[in-house]
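Read the structure below first, then the notes.
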Amino acid sequence: MKIAIVNGPNMNLLGLRETGIYGTVTWKQIEDRLNKLAGEWQVDVLFFQSNHEGEIVDFIQQQLHALDGVVINPAGFSKTGYSILDALTAVGIPYVEVHMSNIFERGGWHAESIFFANAVGHVIGLKANVYELGLRGIMQHVKEQRTSISGKEWRTGAH
Ligand SMILES: O=C1C[C@@](O)(C(=O)O)C[C@@H](O)[C@@H]1O
């Protein structure tokens, strides 16, 4: 099983940015932890972060047929990243949406996301833990799909 963990803009600044909200953990530390868990859980994980919407679209397109699922923190693109959402829904890649902060408590534009409706689930507000919980969630979802019908047939509507 291959899962991509995709981060939108400024998530590379973890550890520096608004530490009162996101904590002092760096992305490198989160990635190390996820790599360790991926070994234990026997899943291939692929990491991608960009501050540019088109680069995220390119990444998803390149991986379109290789991926079984995505954990995405659209970050600053949550409210506006239609082309990213289109890429994910192009062949129906199942995704879990994560946000480290409690976007509902923060309110305003933070609380709005165009990714909500199509996500298989959401993990919000648990700081760095959202990534491993999101990974666990998408893995479970993919497994459950496979026990009913082939995930790729499901995605292409061939069933
Ligand atoms: O960049 C981010 C990070 C975020 O997605 C989060 O992980 O809590 C919340 C977004 O509103 C914000 O723009």
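In case you wondered, yes, glycine gets a Cβ from its N, Cα and C as well.
Unlike curated entries, TrEMBL annotations are predicted automatically.
The Cβ neighbour count for Arg17 (site 'Transition state stabilizer'), using a 10 Å radius and every protein chain shown, is 11. Per TrEMBL, site 'Transition state stabilizer' is recorded for Arg17.
Tyr22 (active site, proton acceptor) carries a helical DSSP state (H, G or I). All protein chains included, Tyr22 (active site, proton acceptor) registers 18 other Cβ atoms within 10 Å of its own Cβ. Annotation source TrEMBL lists active site, proton acceptor at Tyr22.
In the three-state DSSP scheme, Ser101 (substrate binding site) is classed as coil. The Cβ of Ser101 (substrate binding site) lies under 8 Å from the Cβ of Ile21, Tyr22, His110, Ile124, Gly125, Lys127, each on the same chain and at least six residues away in sequence. Under the heading substrate binding site, TrEMBL lists Asn73, Asp86, Met100, Ser101.
According to TrEMBL, the active site, proton donor annotation covers His99.
Every protein chain considered, the tally of other Cβ atoms within 10 Å of the Cβ of His99 (active site, proton donor) stands at 24. Binding-site extent for substrate: residues Asn73, Asp86, Met100, Ser101, maximum pairwise Cα distance 25 Å (rounded to the nearest whole number).
A gap of 12 Å separates the Cα atoms of Arg17 (site 'Transition state stabilizer') and Met100 (substrate binding site). Not one of the recorded positions Arg17, Tyr22, Asp86 has a CB under 6 Å from ligand 1. The Cβ of Asn73 (substrate binding site) lies under 8 Å from the Cβ of Val6, Asn7, Gly8, Met11, Glu97, Val98, His99, Met100, Val130, Tyr131, each of which sits 6+ residues away along the same chain.
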